[in-house]
């Protein structure tokens, strides 16, 4: 069979002066930055779902992309055709990783047995594709939200049989992820939330979710999976409210069930903004709570209230995110997965390349700028200086619990303290950052 | 001195047919609902700050109210005049409780000594006022956000001396609250957050806040304060981001520092909506997490993105909130504090009464409707029926940790389970609720 | 063929004490309110699209409703089966009107000829159905947004052939609407907007839209259509920005092209809130601009940023909207169309009835309360009193252009005017409204 | 008297490699870009109000800046001290323009006579200051929102005497603007809106506003003012709803009163985002409607729902805005006024310089990038190509009104048209823009 992207060659790095739209201008996989290659820093992945399981339909209209493998036909044959195109794309894009849901890669079938058999057969296919191409699996996951059975959630479903069905999918998806050398396993609770409080028992559903996650941890250890378990926060959509609202909410959930050492978060930029936070905030918060894991790289629209999943293109935003990640030591098993989709009008075959080439170049541009921020580290110095008082005698005494309200009140009164605020120097720091970003 | 509200008599219950705007139509303090009086259920309070410390100014304009006790003059004399008017108001309104910040009631002074002396003198005044009028203190708190010294926060300030100054105020405010019989002590972290991540150490600030809260708990036990400690969540404003974002975030914070048994939350309606949640959501969430404490009763504007602090007037919303509270057993030490302010154009003296009479009547109307919801309890039955499967064999086995992913996968495969979703009946339940609210 | 809703009888009015969920408690079609029947006031319609063209799928999952007429099969046979179910539903619901898009009722086909033939055949079917059941057409419209051809809009498309194709659909849809006795014709510009300004010529697209609307007006007059032309504002979704953003924006567009006497607006509650306005605001604004026409009755979710299209259930909101409409003289050709859809979990056949019965009852409840507001009309009196000065000498002189800045400046200086603000009495008016809504 | 900013010298351009925070790195006033100097392109102004009339207070706390001229004292002496500092600042910053409200520069006084006299005296002072320093007036305006008298608006006030008082201020402010050589006169309707629809007559208020604006136009022509009249849109804050919501709304208002040739808009970035639009959208929309005038350069916070008025610092956003302005021919009388304020923590005297130096540098950086976009103009070419069909026969015929719905329907049917969508190439264009912005 002719290749789907037969008009497109492998994407190469051609440097900043290239005018070839199908080339990298900034992403140079083996270029070293702060002692590691760009590829090692960024650990980028393309996703199966937006690229190969979606035909451009939205709530108001039909698909526009005309993907042949999504047309009616023999389900397994179409799944294999889809895998051919997917790996053709990953290879030509030279992206090192990919990600998938179980039913992205295999037909769901009409029974649990069909599901199991189809998925097993397609895992064989994927294993062979990985071997042929060298493309690796950043993470796997199970889709527990599309089938009508999950209309009221999976782990938080009022019906324990549906909980069990979801557990079955996760069982197989975790096993497949391990077999395929996946470096993480992700749980996004698409419909783990509520549509109306009128019919919902919040405490019951939270307990169910807690038990589900414990089972996931137990299974990980049982099968010896060495990757990281990740929860992906999102505040809403499709549900009115989703339980894994944001990083801080996930942290509280993990603490309640004693799971904070077992899970990290997979932060999506667009989910951050839907939750009322900046992307930068969510990354910095997760790092500060010790639960930072991986990134779903995309962007939302600042004026639209749904998950637009556009390709990331703000170097201003990405550079600060990357700075936080570099300061925290970089990714371990995580990476940047492009959970991004084409606009419905982007119906040329080349558009899928444009989206990813842009995303990869933008991350590379941000990496170079973040490295410059780390090297100069005027931000780190400003922060250290600002909090210097906490390394003094009083600061240390407070932090080591040597003081009570009463002893501090006595101190303040005795010494007639009248401490004054100092400038936070926000405008100055903002200027200095821009001078690095826009050289 | 003549009374400030000399044109206004004590507000009486006159029943639903009254056309007297200065009368209650629905709030009948001693009327029994589900075995308790309205007053016992609602435990309503008026606040000092919006009513007596604010002259109607906003960011774009000067004060409009012309409150004489806010004009220049001898600070202590003005504070006493303010207390006279406040207790005149509370008494005429027949509201059982009030709430204050330390520097609402006493002049801040120019030194810690002046602060302590002024506050002590005014606590004497308040104690006498409470005795004379029978008005009680629902809660006290300290203002750690208005003075320029707290521009970068109090507990989370980069300067440990400012932390100590804040601790000193809390020390005195907790002691005063105890002496005045306050039933709760509240902490709202007005500037405990950040303006820019560029100059902020999130982990450091969180540790400081944790230590501060532990000191508050230690002091509570030391002085034998029997009331409840409350944290009031808010997502932002005045800071770009506030650490006590919402109930779920506060829960995670409390769990991190082992404080989840020591604190509850004081939920403000307008803070809930600023955080992207419904008021109903925040109350139901706090109850489900076991940290529900008290309510700051007000409302925001659905189209405006700041804290408008309007008087609560949606019976539709309040009835569902009240239903949750009744189902959870009602308030213990908490209550409904009107953290609500007049519109800047509401410059008649009677307007302060209109705002509160409306608020009190609206809560009474909601209470009666919530009681009807509890008595019929079709919502409770619908929820019980919806989750009934979790009382069956499979549900119990899962919840008691008898199952693993593997055992559930085996079960689903063996029994060829193919569970189906059932209707969530949202539209039906919504109709039924409205039939109760609008008889 | 057995009826689809064979378990459900015609819905009857049973009064407020009925506990039958499949009965009206408040909507009593022939009950007179302010001299007209409820049916005459409300002019309610059910829509074809959400009820009969949608199977419950959303962006994250497949359909849940299992509608047999949406399954694969002979397209015209399925369209007729759909019409059977639709009119069975309208009749059992006793709703007097319905609304449709051209391709809701007829298969789009694979060519313009098929489209024309299919649509013509289905218009015959609809005509017969209307005659048999007495159900009338509130309005018709053409779907110029679902087919991939309209990905970049119809009237505002960069390709004039696509503009022409859209014009062709509107031509046939207007003709069909006239033949079926439709009382209005609606234009909703679903994709008349932009995804990115980078590829968009705003001025060009606006000119195209202006010409398109002029052609619609010309055609109306040519065929002698007596109904009203309506534009439905929406700010965004599916596009990033939609040109008919809100009523004020549509007004400016109409003025530019001299169309303000030819069009009115069809205001959707959820579109209003997506545009950052209250539903009340949009209705009051359209009335004040003289372009109020009809209502798409639904509601959004105050926390979600997309068009949730839920059934209207806030009596508080609907009563104020209805008050504005009554004060403006009521609908002429417009009415309340339930552009509302079931929740994806509402998969029982009865749920479609629950949604509409609730909607109809809620509008009836609101109508009764609005009538009470009109009868007492303390709001009207308060407004008249507030602006009374404009009936005085100075007010009249200003309004009749007898004054200039200079003459007013001279007057103010000469008379040493120092006018003072008076209370806006917002809290009082809010209390008074609630006393009417919640008797 | 010693200068307030005595530690700070005149700011000079030192080039991109300078590490001096008190120097320009990119703004080089006389550097030519596309044939004009940077100064001529940008026409930048500093504002009086945020810099010299505000002490750092917010709704939750007192001022932090300690500006001596804002302390109690002789009002006229303080106003002169303020002018000294303001012109010291403008001069040291080397910014060519400034802007003011009447009562920014002169004490309001206790009567209309005092207002007139104070303002006249201060206009003399400003005239002399301008002559001494060469700083010019970009625009003047009158503050019709801070005084309690304007609590319910000025032009839209229910009291015609208050309307007249506002007219008096505008009369004097327009005259002063002309005398001082101001190049524009601005009207921002801070409280021209409503707090609640319950007490508001929308139609009446709109008529008042229309008449007011006509009087402004008449006065302009009477005194021969050659500058541009500007309306500044804002959607809300301080009011719940402001009538000049956004550019499209202002356009409709102008059309209603026949004023669209007499007014242009002054677009503020933060007002755009509060209205649910991007800054880019508002500028492009105003240009497309022929009403673009000037810019209030600042930025909002994407997560906060109030007017944060931060200094502009997104080169990504500013470059696209500047591209639109350059393509439209650049400013005529308008310019970039920094309607931006320091963060409350920015209490060092140098911070006011940091904010403005950053803003000026950022606009210069954006100008250089926008010029590159104009020179390459791949965006212009892509747009021209995308709409090329409208220059063909069919497109021209439609635009010249040669077609009706009927003739187009006949054409489509006859020619069996089946036009297809083509790619909008959004991802490609976004990539290309970034390659220019981040060289």
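Quick reminder: no glycine exception, Cβ is built from N, Cα and C everywhere.
Per TrEMBL, active site is recorded for D:101, D:104. The feature Mg(2+) 1 binding site is assigned by TrEMBL to D:232, D:268, D:296, D:339. Among the features that TrEMBL reports, Mg(2+) 2 binding site is placed at D:268, D:271, D:307, D:309.
Residues near residue D:307 (Mg(2+) 2 binding site) in space but far in sequence (CB under 8 A, at least 6 apart, same chain), listed by position: D:234, D:237, D:270, D:271, D:274, D:300. According to DSSP, residue D:101 (active site) is assigned to a strand segment.
The residues near the Mg(2+) 2 site, meaning same-chain residues not in D:268, D:271, D:307, D:309 whose C-beta sits within 8 angstroms of the mean position of the site's C-beta atoms, are D:234, D:269, D:270, D:274, D:296, D:298, D:300, D:308, D:339, in sequence order. Cα separation, residue D:309 (Mg(2+) 2 binding site) to residue D:101 (active site), rounded: 17 Å. Every protein chain shown contributes to the tally, and the Cβ of residue D:271 (Mg(2+) 2 binding site) ends up with 30 other Cβ atoms within 10 Å. Same-chain residues that are not part of D:232, D:268, D:296, D:339 yet have a Cβ within 8 Å of the Cβ center of the Mg(2+) 1 site turn out to be D:188, D:234, D:266, D:267, D:269, D:270, D:271, D:295, D:297, D:298, D:337. Taking the C-alpha positions, the distance from residue D:296 (Mg(2+) 1 binding site) to residue D:101 (active site) comes to 14 Å. A separation of roughly 16 Å, to the nearest angstrom, links the Cα atoms of residue D:268 (Mg(2+) 1 binding site) and residue D:101 (active site). In this structure, the C-alpha atom of residue D:104 (active site) lies 18 angstrom from that of residue D:232 (Mg(2+) 1 binding site). Sequence-distant neighbours of residue D:101 (active site) (same chain, 6+ residues apart, CB-CB distance under 8 A): D:48, D:49, D:140, D:141, D:142, D:143, D:173. Non-local neighbourhood of residue D:232 (Mg(2+) 1 binding site): D:186, D:187, D:188, D:189, D:244, D:265, D:266, D:267, D:268, D:271, D:296, each in the same chain, at least six residues away, with C-beta under 8 Å from its C-beta.
Using a 10 Å radius centred on the Cβ of residue D:268 (Mg(2+) 1 binding site) and all shown protein chains, the other Cβ atoms total 28. Taking a C-beta cut-off of under 8 angstroms and a sequence separation of 6 or more, residue D:339 (Mg(2+) 1 binding site) has the following same-chain neighbours: D:47, D:50, D:99, D:268, D:296, D:297, D:298, D:309. All protein chains considered, the CB of residue D:309 (Mg(2+) 2 binding site) has 22 other CB atoms within 10 Å. In three-state terms derived from DSSP, residue D:268 (Mg(2+) 1 binding site) belongs to an extended strand segment. The recorded positions listed here are D:104, D:296; among them, D:296 has the most other Cβ atoms within 10 Å of its own Cβ.
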